[in-house]
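Annotated in Swiss-Prot:
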| type | residues | note |
| --- | --- | --- |
| COMPBIAS | 1-16 | compositional bias 'Basic and acidic residues' |
| REGION | 1-40 | region 'Disordered' |
| COMPBIAS | 18-31 | compositional bias 'Low complexity' |
| BINDING | Glu95, Glu120, Asp147, Asp170 | S-adenosyl-L-methionine binding site |
| BINDING | Lys174, Asp206, Thr241, Lys242, Phe243, Glu244 | substrate binding site |
Amino acid sequence: MNHDDPNASGVPHDDANDAAPASASDAARATGHADDESSPLHLRRIRSFVTRAGRVSTGQRRAIDELGPRFVVPYDNAQPDWDTVFGRRAPRVLEIGFGMGASTAEIAAHRPGDDFIGVEVHEPGVGALLKLIGEQQLSNIRIIQHDAVEVLEHMIAPDSLDGAHIFFPDPWHKARHHKRRLIQPPFVAQLAARLKPGAYLHCATDWQNYAEQMLEVLGADPSLENTAQDYAPRPDYRPVTKFERRGLRLGHGVWDLVFRKKRAG
């Protein structure tokens, strides 16, 4: 879940039903099979969200109706021609779980030469980002309202992304829920395969335990290398959200991790 809206659904991170398959940017996809991480089905059980109800405002609904046909790319089991979708060839960045979209819009506005694919399942967030796209006249964002794991599998070609952002995914802070976190070895391997050599993966979290897990998992992937000794300074392009600023005032930490895909040789 992106910190644009720390709890847009009204459900705290771990207060959702324990049987729920996942979270707004994390977790394990239930299939009815045994929970065996060595199984080839394990990656398919990873899901990037848990279904939560959320009210779509009048303005968000209007943005969906008016701007959705241009800026929302329907999920498909085939890879679109992204150059055609954006109307140009430019560096392409994937953001998984953009929340209410404020950070996504701000980054896109400051990086007009890059194109951004935002993946979010929750309709209020989709509507909120579309509203910002309209207000700020942004042309370099497209949205897919679907599970990020399936989007990666079917809609993003290997070695095609110049960057990926995963900001403040749900931490699932209870130990019994850690298996639901998004940043797990199978998912990271899948995402890394979609990055071009030299492309970056930027994760951020305000949960130290999750930051430690991210550092371990990302560091163990043989195709990735850390750009820092451990945690990275916050890159200038990532905005500090109101929620994050409040946490920092209260003494809470925020950890950024920036890895790059290794080049051949």
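Note that Cβ sites are derived from N, Cα and C of the backbone, with glycine treated the same way.
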Using a 10 Å cut-off on Cβ-Cβ distances across all protein chains shown, tell me which of the binding-site residues (Glu120, Asp206) has the largest neighbour count. Glu120
Please give the greatest C-alpha separation between any two of the substrate-binding residues Lys174, Asp206, Thr241, Lys242, Phe243, Glu244, in angstrom, as a whole number. 25
Do me a favour and check the Cα-Cα span between Lys242 (substrate binding site) and Glu95 (S-adenosyl-L-methionine binding site); whole Å is fine. 19
Around Glu95 (S-adenosyl-L-methionine binding site), which residues of its chain at least 6 apart sit with Cβ under 8 Å of its Cβ? Thr104, Phe116, Ile117, Gly118, Val119, Ala164, His165, Ile166, Phe167
Going by C-alpha distance, which of the binding-site residues Glu120, Asp147, Asp170 is nearest to Thr241 (substrate binding site)? Asp170
Phe243 (substrate binding site) to Asp170 (S-adenosyl-L-methionine binding site), Cα to Cα, whole Å, comes out at 14
Taking the Cα atoms as reference points, how far is Glu244 (substrate binding site) from Asp147 (S-adenosyl-L-methionine binding site) in Å? 25
Using other CB atoms within 10 angstroms as the count, which residue among the binding-site residues Asp147, Asp170 scores least? Asp147
State the Cα to Cα distance, in Å, between Lys174 (substrate binding site) and Glu120 (S-adenosyl-L-methionine binding site), rounded to an integer. 24
